[in-house]
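Over in TrEMBL, the protein carries these features:
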TRANSMEM  B:12-31  transmembrane segment
TRANSMEM  B:76-98  transmembrane segment
TRANSMEM  B:110-129  transmembrane segment
TRANSMEM  B:157-181  transmembrane segment
TRANSMEM  B:202-221  transmembrane segment
TRANSMEM  B:268-288  transmembrane segment
Amino acid sequence: MVENRPFLTFLTHLVLIAGVVIVAFPVYVAFIASTRTREVLVGGMIPLLPGGHLIENYTEVLSASSAANGLPSYTLMALNSLCMALIITCGKIAISILSAFAIVYFRFRFRLLAFWIIFITLMLPVEVRIIPTYKVVADLGMLNSYPGLTVPLIASATATFLFRQFFMTVPDELMEAARVDGSGPLKFFRDILLPLSRTNIAALCVILFIYGWIQYLWPLLVTTDPGYYTLMMGLKRMVAVQDGEVQWHLVMAGAILAMLPPVLVVILMQRLFIRGLTETEK
Amino acid sequence: MDTKRTIFPNPVLPYLLLAPQLVITLLFFIWPAGQAVKSSFEREDPFGLSASFVGFQHYVRLLNDPLYLDSLARTAVFAVAVTALSMAFGLALAVAVNRLVRSGRVYTTLLVWPYAVAPVIAGLLWWFLFNSTTGVLAYFLGQLGIRWDHNLNGTHAMILIIIAAAWKQVSYNFLFFLAGLQSVPHSLIEAAAIDGSGPVKRFFTIVLPLLSPTTFFLFIVNVNYTMFDTFGIVDATTAGGPAQATNILVYKVYNDGYLGLNLGSSSAQSVLLMLIVVVLTVIQFRYVERRVQY
């Protein structure tokens, strides 16, 4: 800070507190709703203080008996979301660190071509080519399966670029020393490159876990078997009831629970999260 | 495209290392994209048994279809509104946090988490707030004499998805603006302060111009986000309605192709969307290329 102006500092705090309140407001209301009964929520204006049904509502969401509309139990959907997020995270990191290694540390025919094939995926988010991708997945018999849910989302260039950029900054001397010592590429990769990339990998894990957890359109397309529903689909379906009222108290409890894992990851891993975000620029 | 000074001489290994990513990319990215281009020039019979080449017919029809043009215009309105709203809000918060020495970290933590909220959930939360029977905001608006109903009023529905999408995106813009602000050289600010310019003048004459690369980058990323990642928000809240009022392009592709099974038209829409992303990505990459020093 250049000069000390108490009024400006006061104003700064005021802006930030207002910002935090606005940002948190929807989640606060959702939390309130999740502690009330159905009758209170349907009866018009909901109170702005928590009610006494917190434990009751959350147990009802988590217990298998709350499943309706052909939905599986909440825990199964949470498990599916978790599997999806973890497979995407591990798969993406594994394949992109290998391909970045190949592109940076080897010179071979078609290197440029391979680079461009990978690069072009930056331009094709799954949303713009859903129908043909769906067709490929269907033809391969991968509908309603974990591979179908995850593999098409695994290949994307951002992680490859991050690793490529990082490898370029690793001093050449390290590799020369490794070669003088007689270690092959795989040994160099495992003993030197991998340990050096630890923070990058961790940062990417945070970003990719969130990316996997919040997927919606793709699981909506490839899963028709309720056994593979993810949380995001389940929540949407809990609201889209044909007859009768939406069970808002349960929906909001479910939404709060579904928000928790990725939000906790961001808050607890803040430094890694910011690093992963600003370095991949995605 | 550069490699290391020294490289590993190995004729087979690099191909093996590349294979997993290349296979997945070819199978799930390049091939479907090619299929989309191909079927955008074909008409398929209703049973999907045969297809005949029809040239640019789908494109011509789309670009003459008032519904499509309408969707295009709405997408533009939506993208620009969300981008402007979330960037202005993000910048204001970043400037404020950047002023603080000690408490900045706490505020950052309190502001970044919406990034991790799924678009569907963001949609559900705001839908609940604006719900005409139970919503708190709908109630307050009612007190002000505004009868809120996003199920009937197209403008209301559009405002609803703009707010939900902007809410989710603020944290992202905030982080990047904060990073940009922290890289503004302190000596410049101090020199200006010695010359007697106040905080407001300093912000507009020094900080804002220095932030312009960040702003530009964020603009492109945000437009990209609003056009594609907001599918969940639209599907959870308005499902494109009422009367197509919130039927943005990416939702229309899904609607016409997956639900309506109009594959030719949907493919042509996909191809047009891809063209839009390609343009955005090229602009973005040129910028990144210029800024990042390898």
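Cβ coordinates come from backbone N, Cα and C, glycine included.
The stretches the transmembrane segment (B:202-221) and the transmembrane segment (B:12-31) do not meet in space: the count of Cβ pairs below 8 angstroms, excluding pairs fewer than 6 apart in sequence, stays at fewer than three.
Taking Cβ pairs closer than 8 Å, the transmembrane segment (B:157-181) reaches residues 74, 77-78, 81-82, 85-87, 89-91, 93-95, 97-98, 108, 111-115, 117, 119, 122-123, 125-127, 130, 150-151, 207, 210-211, 213-214, 217-218, 221-222, 225-226, 230, 233-234, 237-238, 241-242, 245-246 in its own chain, all 6 or more past its ends. Distant neighbours of the transmembrane segment (B:76-98): 104, 107-108, 111, 158, 161-163, 165-167, 169-178, 180-182, 203, 207, 211, 215, 218-219, 222-223, 225-227, 230, 246, 248; these residues of the same chain sit at least 6 beyond its ends, with a Cβ under 8 Å from one of its Cβ atoms.
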